[in-house]
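Taken straight from TrEMBL:
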- 13-41: region 'Disordered' (REGION)
- 17-37: compositional bias 'Gly residues' (COMPBIAS)
- 91-254: domain 'Nephrocystin 3-like N-terminal' (DOMAIN)
- 366-443: domain 'GPI inositol-deacylase winged helix' (DOMAIN)
- 575-607: repeat 'ANK' (REPEAT)
- 608-640: repeat 'ANK' (REPEAT)
- 710-739: repeat 'ANK' (REPEAT)
- 740-772: repeat 'ANK' (REPEAT)
- 773-805: repeat 'ANK' (REPEAT)
- 806-838: repeat 'ANK' (REPEAT)
- 842-871: repeat 'ANK' (REPEAT)
- 908-937: repeat 'ANK' (REPEAT)
- 938-970: repeat 'ANK' (REPEAT)
- 971-1003: repeat 'ANK' (REPEAT)
- 1004-1036: repeat 'ANK' (REPEAT)
- 1041-1069: repeat 'ANK' (REPEAT)
């Protein structure tokens, strides 16, 4: 069962990795900026490699874990929290932590603290303080979870309720195992290209919350969230509190937003800036201003006057106003000017904003233009911009053909000319307005101050996308070459609707004609996998193979452009049909009318959404559904992802559309599509009313098929108790077999839904029905750690020794999950402690791999065979060694485990420890007589395993114990090649000093030099050449080192190899020549270098 090493590293211990940390880092797209930071940066190759190997129940690697987390939760609030925390002045906010109401909330359970305060009172900064306070207070208690949300009015499209709830989950699983529910959800959706539903995300969050004894959820700026979305978010937060009394919720908002009526145990607390805190803040800002600091040094009373004035009642409890006042004083060059400005300070936010605008307009023309352009972009951007994006946006000028770094304005200059209205988050490098109220003020004066803002932004983006060489195919292999504004350019059409569309008609139509090529290039780029398409029409899930200008215009709701493209043109039927489908999906009513009037086929069938009617039904656009039906749309047209319009509407929970379609004769039992039936789709989504409607119209309650097997199974899996009752009352077969989980009982057991388990058993569910992912309901419950359900099933006669499923037995499933209590229960019921399994071989191996020491001891006490062979790791000792579980390794050795037993993916226990870099375990094994030169396993030898992974200390230990430096075998064939490919310079030196053959010619890369050249490791290339490496050594994937470096785009290494006499015309390897390898990779500079050096220009096949 070993997996090919180059596909995925078999590091199967679940742990935190990098996901969920602020360092996951770049600030991504769906995520975007500020609070919505990038998920882990995974390249296309990594994505393909990782997804290729997620099979049912397989232990996931760090890379896979990061990928699942980023997929399920693209919003990451760690960076945003770090940015806000840096704004907090030391020593401020203590009043909140000392308040009896806060203390009661903190020490209580199942309570809500609703904090309201005026704009600018410092609510967001106080939230960051509370998060840090709770994190410090419960740092050593892993059973207490803390999760926060920072809402932002600029990111409403990104911060959907589903993504916000997933963001809470992401924080809770930081440095913890992710549940099988999350893994299975990923498995269900990834290959199909679908996203998790809100209900599925809620289920994942619920399962995570249940793992804690207490959870604190803090939501900031609820007033910045649209009311309809707010109600959905509060509804699900309330449900979480209802499901678990351990959840404490804290919310901040402006006073006009009341606490949700359904929230439990609500206490309110007013947030305001205390005078003492304002004085600390102002004092610190004076000291940070070089000009003001000099003034107060010369005249100490000036500091007292500033503090008195700013912290007086005119500030009215607003930190923001204090900041604006200080900003207005910082620019004064004399003490007299400071005093005059101090006496003229406004008493309101808007007054301060007016003064800031006056200061901007009083600057030089160049500074004023920079400030106006900056504010135009920051106010109107569809999501927060990074510093680099803003710099490029300001640099692009009308008619520009090439962008140069010399055109960029320094960010400090940009900030200085904006009079304090614009700030930069240091951690995420995101540019923001100083406050939400700043946006409100600038919006109110935009018509006067920036009347052509949208047109200017659109023109800038279209000019940017028309620069010489854009889009550049080299982006597909070199992310570093992608200009910063490329990602934001997806919003080019989002800024254009309305007046700009008419004003720049010609240039817009020109772009629409080549928009497909732009989208195609970005979709084939590795770079494109690191951010999301958030803007119309780029985020459409079913782009035509060759999207026309008409299709793009219809998708982006560009009415004028659509009309222009249709004027005097003969309309290809397929183009019109594609356009009307996408317009229906997005709800663009006027464009649907235009296209139908021009002859688009209302029943044209194509692609993911099948027909215009299905697309409109799935999108929930009632008016368009009615229009299409009035135009003769076939209510039962088959095709598309959902197969029928009724299934699409049922899945989306669009009750009114479901009624309309049924009234028009929709077949309630039409089969097919992803959910197989409309009833199953509605049950999956938890849409109770639609389930009832469909049943009343004759839907077959036992219709089977599809991934979920039956409506009852999917309702049981999702925990929709009311729907389960309805289906059972309508005669649903409680023992129907099929689907992912084999039966409804197994589905409910896997989800931990105790009430549903009892309902199904009361209705006669067979607790020993075999089949499905876990083979038995007991195994499903055991793996999930659902102790109560395990007891219920055993009491009902479940067989605890049933074999099958991924874990082969319930005992092995519980052992892997680390569920000690369940392990004991099963053993007491007679579970076979030595039952064999496929992936783990035995329950002991499963427990050892998971690092569950207590369970290991229990199993051994019950007679588990410490030397049982089999499974992925070969033995329990190897599994423990690979995971770095020293205590378990010692326990096994004390129990007589064979240190030299061969087998499994790593061949030997020593190799398993060496590849993981577990030095202490390596020493233990060597002291116990482990064979340092044992051959076999994925890495061939323990030395090669350590060399490949860069574990220098382990390499030295093995060499000191007599490891053969030139032992051949496995993927890299030699330890030197493995170290060279990994870029481990110190290890390369050590191996060469120990006599490693610099010209060994075996393995994937043929030679160590080729391996280093392919990896771009310049220093190692030079070391190997100095040691006599043959620059023209033939063999391996690329034929020679020069071709490897050329394909990788490593210009300096190519130059070094040519200087050392590399044959630029060597004809071998995958690309047949170095020149062709460079051309295929899009490395223009290397192509020029090789041709100038004398390489013969060959016919470049397919290029």
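Cβ atoms here come from the backbone N, Cα and C positions, even for glycine.
Tertiary neighbourhood of the repeat 'ANK' (908-937): same-chain residues 11, 873, 875, 877-879, 881-884, 886, 889-890, 893, 899-902, 943, 945-946, 948-951, 953-954, 957-958, 961-964, 967, 969-970, selected by CB-CB distance under 8 Å and a gap of 6+ residues from either end. Listed by sequence, the residues of this chain that lie at least six past the ends of the repeat 'ANK' (773-805) yet keep a Cβ under 8 A from its Cβ atoms are 56-57, 179-181, 184, 207, 211, 740-743, 745-752, 754, 757-758, 761, 767, 811, 813-814, 816-819, 821-822, 825-826, 829-832, 835. In terms of DSSP helix, strand and coil, the repeat 'ANK' (938-970) has 17 helix, 1 strand, 15 coil. Looking only at the repeat 'ANK' (575-607), the predicted model's pLDDT averages out at 90. With a cut-off of 8 Å between Cβ atoms, the residues of this chain six or more beyond the repeat 'ANK' (1041-1069) that come close are 477-478, 1005, 1007, 1009-1016, 1018, 1021-1022, 1025, 1031-1034, 1075, 1077-1078, 1080-1083, 1085-1086, 1089-1090, 1093-1096.
Helix, strand and coil residue tallies for the repeat 'ANK' (971-1003), in that order: 17 helix, 1 strand, 15 coil [DSSP]. Non-local neighbours of the repeat 'ANK' (608-640) in the same chain are 541-542, 577, 580-582, 584-587, 589, 592-593, 596, 602, 646, 648-649, 651-652, 654, 656-657, 660-661, 664-667, 670, 672-673; each lies 6+ residues outside the stretch with a CB under 8 Å from one of its CB atoms.
Note on the repeat 'ANK' (908-937): DSSP counts are 17 helix, 0 strand, 13 coil. Same-chain neighbours of the repeat 'ANK' (710-739): 199-200, 203, 206, 677, 679-680, 683-684, 686, 688, 691-692, 695, 701-704, 745, 747-748, 750-751, 753, 755-756, 759-760, 763-766, 769, 771-772, counting only residues six or more beyond its ends whose CB sits under 8 Å from a CB of the stretch.
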